[in-house]
Amino acid sequence: MPNNSKHKKKQQRRQQEAQKKSRAKQIETDKKNDEFLDTELDEVSPLVIDDDMTEFKNMPKVELHAHLSGSLSPETIKLIMESDETRAEEIMKKYKLEKPENMTGVFDCFPVIHAILRKPEAIRIAIRQTIKEFEEDNCVYLELRTSPKETDFMTYEDYLQVCIESFEAAKHEFPRIKTFLIVSLDRRMPFETAAHILGLIGEAQQRTNVIVGVELSGDPHLDGRRLLKLFVAARRFHGLGITIHLAEVLQNMADVEDYLNLRPDRIGHGTFLHTDPYTEYLTNKYKIPLEICLSSNVYSKTTTNYRNSHFNYWRKRGVPVFICTDDKGVIPGATLTEEYYKAAITFDLSTEELIGINQDALLNSFAYKYNVTDLTETFRKINNNVLD
C-alpha cells in the first residue's frame, strides 16, 4: 500500500507539471498571436486622436482607479498656490514645476505636489476641484484614492478627517456624481504605520460611509508582502474592498502570487500578469477584475503602445477590465473621456460594449459590492447611456 501511495503522488506531480507546461505553451502561443495581430493593426491603422470626442464626453462613466495627487490639474494647483502665497513662494524656490514630457517628468512632479498638499486647506481644495472636474467630464461614480501623510500641519488622523469632510461636502455640492474614498497603504510604509492607519479607518467607519476600500500602492519595485496581513484584516474585520497594485513591472513579480491568492476584489494595472503561466492561471481562475490605465501604461513605457495593452488579452478571456485614468493631472491626454475614446478606437469597441464595461465597473465598485449606498439611479444612467 505505501508503494501505491508514493506512486500515485508521483503521478499527480507529473500531471501537475504537464498541465503547467501545457498552460505555459498555450500562453506563449496566444501572446504571439496577439502581438502579430497588434503589429499588423499598427501598420495599417495607427492610433489617431480626433478632436471630436462628443460621444465619449456625453457618456456616463465610472472611474475606479484615480490617485488624488496625480489627478491635480494645473488649474487646481494654481488655486492651492493662491490659497497660501507664502507657502507657494517657498515651494517655487525649491522646485521647478513644468508640464512633463515623459514618465520621468511625471515622477518629478510628485515632490512638488506632495509639498503643496501639506496643509488641510490644500487637501480640501484638491479634493473639491478633482471631484468637480470628474463630474464635468460626466463621471457618475468615482473612487478617489490617497495615502494619508503626517506633515508639520497634520497627523494621519487629521489627514483622514479632512478627506472625509471634503467628500461629505462634495456629496451636497456635486450631486450628479457618487464619490467615495479608497485609502492607500504605501509599500514603503512601516507595518506599524500602516496598521495605525487601518485602525483610524475603523474608527472613521463608525461615523461615515465615505471610506469604501484600501489599496496597496507605492514603488512597484518593492515587495509588499509584509503588509499582506493588514489587507486580510481590512476585509475580515472592517468589511472594506481590497484593490492591489500588482505586476506593474517585470522586475518585481515576487509578491504577485501571494496577493492573487488573497483574491482581492480588483487589481490595479496587472500589466505583466499574463507573462507568467501561474499568475495568468490564477487571474483567469478567480476572474479578478483589472483596473487598466492605458495612457499611464504607455507613458510609463510598461506597454509599447495602446494596442499592446493587456486590456484586450484579458477581455478576450472573460476577465472584467475597466477603463481608468490613474493620474489625469500629470499625464497628458488622460482624462476619463480621452481614455474611453482611446479604448474605443484601439480595440474597436461599440457604444454597447463601452456601456457593458461601465456596467461591470459599477457592479465591481466597492460601494455596490459592500452595500454602502443605493446606486439604482447611477445604474439607470449607465444602462440607458443618459446623464439625467
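Note that Cβ sites are derived from N, Cα and C of the backbone, with glycine treated the same way.
The active site, proton donor annotation in Swiss-Prot covers GLU248 and is backed by similarity to another entry. GLU248 (active site, proton donor) carries neither a helix nor a strand DSSP state and counts as coil. Counting Cβ atoms from all protein chains shown, GLU248 (active site, proton donor) has 21 others lying within 10 Å of its own Cβ.
The Zn(2+) binding site annotation in Swiss-Prot covers HIS65, HIS67, HIS245, ASP326 and is backed by similarity to another entry. Around the Cβ of HIS65 (Zn(2+) binding site), 27 further Cβ atoms fall within 10 Å across all displayed protein chains.
The N(6)-methyl-AMP binding site annotation in Swiss-Prot covers HIS67, HIS114, THR146, SER147, PRO148, LYS149, ASP186, GLY218, GLU248, ASP326, ASP327 and is backed by similarity to another entry. Counting only residues at least six positions away in the same chain, the Cβ atoms of TYR156, TYR159, LEU160, CYS163, VAL183, ILE197, LEU200 sit under 8 Å from the Cβ of PRO148 (N(6)-methyl-AMP binding site).
Residues or ranges marked as compositional bias 'Basic residues' by Swiss-Prot: 1-13.
The compositional bias 'Basic and acidic residues' annotation in Swiss-Prot covers 14-34.
Here Swiss-Prot flags 1-34 as region 'Disordered'.
On its own chain, HIS269 (site 'Important for catalytic activity') has HIS245, LEU246, ALA247, GLU248, LEU290, GLU291, ILE292, CYS293, SER296, ASN297, THR302 as residues at least 6 apart in sequence with a Cβ closer than 8 Å to its own Cβ. According to DSSP, HIS269 (site 'Important for catalytic activity') is assigned to a strand segment. Under the heading site 'Important for catalytic activity', Swiss-Prot lists HIS269.
Cα proximity to ASP186 (N(6)-methyl-AMP binding site) (within 10 Å) is found for none of the binding-site residues HIS65, HIS67, ASP326.
Here the Cβ of ASP326 (Zn(2+) binding site) has 26 other Cβ atoms within 10 Å, regardless of which shown protein chain they belong to. Summary of the Zn(2+) site environment: with the site residues HIS65, HIS67, HIS245, ASP326 set aside, the chain residues having Cβ atoms within 8 Å of the Cβ mean position are ALA66, GLY70, ARG145, SER217, GLY268, HIS269, GLU291, CYS293, SER296, CYS324, ASP327. Ranking the binding-site residues HIS67, HIS245 by how many other Cβ atoms lie within 10 angstroms of each Cβ puts HIS245 at the bottom. The candidate set comprises the binding-site residues ASP186, ASP327. Of these, ASP327 has the most other Cβ atoms within 10 Å. With a cut-off of 8 Å between CB atoms and residues at least 6 apart in sequence, the same chain places HIS67, LEU68, SER69, CYS163, LEU181, ILE182, VAL183, SER184 near THR146 (N(6)-methyl-AMP binding site), listed in sequence order.
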